[in-house]
Amino acid sequence: MNQPIAAIGISDSTRPKTNVRLTISAEHLMDTDVFSKSDPICLVYEKTSGKKATTTEPVQVPTWQDSQWTERGRTEVVMNNLNPQFTKTFLLPYFFEETQLLRFEIYDADSPNVGQDLSPHDFLGRFECVLAQIVSYSTLKAHLGKAEGIGAQWRNKDKNTRTGSITIRAEEDEKCEKIQFDVCGEGLDKKDFFGKSDPYLNFKRKFDDGSAHLVHRTEVKQKTLDPRWATVQINTQTLCGKDGERPIIIECYDHDKWKKGEEPRGEAKFSRDDHIGTAHTTLNELLRGGAGDPVELLLTNEKKKAKKGDKYKCSGTLKIWNSKIIVEPTFLDFISGGTQLEFAVAVDFTASNGAPKNSSSLHYMSADRPNQYELALRSVLSICQHYNSSKTFEAFGFGAKLPNSVSVSAIFSLDLLRGTPEVVGISGVMSAYRHALQNVQLYGPTNFAPIIDTVAQKAQNMIHDSARYQILLIITDGIISDMHATIRSIINASGLPLSIIIIGVGNEDFEKMHELDSDDSLLQQDSRIAQRDIVQFVTIREFLNNGRGVYLDPDVVQENLAREVLFEVPGQLTGYMKQRGFQPRPVENPWTRNSPPPDYDPVLDGIGRRAQAPSPGFQMPVASAPPMY
């Protein structure tokens, strides 16, 4: 199975990114002009948390706003129109693993040229949301808020208000284009003294400065000088920037096995491999292998060539055929088509966490700082809530004795009052966690298999279409007690619509836990091999301080942790859908999106904020925080 190069840490250059284009229109805007209609312009801001994340400098904005909002751009002025359809669009990077908060403000322009100072122009309204909400619905309509109001998402039964409405449409700017081809080697140089080589290929993108970057590696073929690798697929943007003539480097290596127990993790395990030869090509040349005869590329070993001189011919030949460009459905295609992400969380209540009333306990509730479990829960759920229209989660605990019970519960509903795992919103998860902490007896052991099997059973009911995909978050303080059973459960679940995120809290040595996160090779046990990699494991301590012993703000910890644990989810979802042959539903006819329960309060989950008192001079009522459904 071909494997992409695993990311080591996450930088802006390596994180999966999609560009989305926003188109904006408005209706029934206020008319603030005496002798004509308003001349609206829309400004788009992003909450950047003090980081440089935009292309322009901050503009002057109303005084109630803070300096962390940065302008991403502005539309043209549409003259004399209360229902403008702006032609200027906005191209924004979209990251699944980030909360990208946007603000849309509409003004009645006092002149065709709107400068940095906005005070001469009448303010018509604003709307705040996260980019995830827009892409989840493809088209998002909302009431505009006046004064300090932030607007409210439009519901089916709503009527027009005096402030008017805004409609934002999101489209993926470019689809995921890949080149697919078959490749084999013939007559490769023999590198092993006692046997044949174990060859694999590296595909590298060459940059203008002469440097090269590894973008794809094939599997290793054992003991052969005439290997045939599995069909290769590489994103053309990653491979060559979609430039048909940009040089592409293909390296062939003989893999040297390490002694059992000595093999390093990651790229280090390829560090002592022998170079067989290198070929140079382009995207256009590779595509010629799709019509007629295969493309033949000679492998050259410069050291061997220099040594043998004119007697040197080559170090083998690569043949490439069945080449073609394919466009696969993307994560946003499925999300825009109504695919819902279902979420379950499981919290470790074993005694090794320490007595909750003790300040050294990992479950200790501090008045001024969240504990590591709370940080982990909010980090993941604050992102994931936008991809589940029902705003409900399943919350479990494990490794504790429940009230009036003499036996340990391998798995139990976190909501002890209702006895059901389903809770509403992040606030529901946090309330259930705190209540359980006060009423259960921490015990043990740390077993993962029961919770994985329980959630996998639910995922089993989702295998018939692309309507739902399950994610399980497990938070634990130590090494699991049932490693063999857990590996078996993960392998059993690897063919289901399921991703598992494991976050380690505390200072335990989690080295063995990395066995579950099989980035380098698929998880296996005895003769059974997982169908795909569905586990992501990280330790939270890596994100708690800046490396110099200074603890970071909890919001920063949550943001960085979410980036690390969630960035693989889009690829896991699309990988599963491809494996099953599922296509996304069209945007015009999406899967049904369920509404939240009547008692759901988005403000408690950090979506929006309470309406504030209007500034002096404003007569319009202030819109409440948006119920995001």
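The first residue you see is number 1, and the count goes up from there.
Backbone N, Cα and C atoms are what each Cβ position is placed from, and that goes for glycine too.
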Identity of the Ca(2+) 2-site residue among ASP122, ASP173 (reference: ASP33, ASP108, ASP110, source: Swiss-Prot): ASP122
Beyond the flanks of the region 'Disordered' (581-600) by 6 or more, those residues with Cβ under 8 Å of it: 138-139, 329, 333-334, 336-340, 389-392, 424-425, 465-467, 627, 629
Listed binding-site residues ASP254, ASP256, ASP274, filtered to Cα within 10 Å of ASP33 (Ca(2+) 2 binding site): none
Three-state secondary structure, ASP274 (Ca(2+) 4 binding site) (per DSSP): strand
Between ASP122 (Ca(2+) 2 binding site) and ASP39 (Ca(2+) 1 binding site), the C-alpha gap once rounded to whole angstrom: 10
Among ASP39, ASP256, which are binding-site residues, the residue with the most C-beta atoms within 10 angstroms of its C-beta: ASP39
Greatest C-beta neighbour count within 10 angstroms, which of the binding-site residues ASP110, ASP254: ASP254
Integer Å distance between the CA atoms belonging to ASP274 (Ca(2+) 4 binding site) and ASP256 (Ca(2+) 3 binding site): 8
Mean of pLDDT values spanning the domain 'VWFA' (342-561): 93
Sparsest-packed among the binding-site residues, when each Cβ's other Cβ atoms within 10 Å are tallied, from ASP33, ASP122, ASP198: ASP33
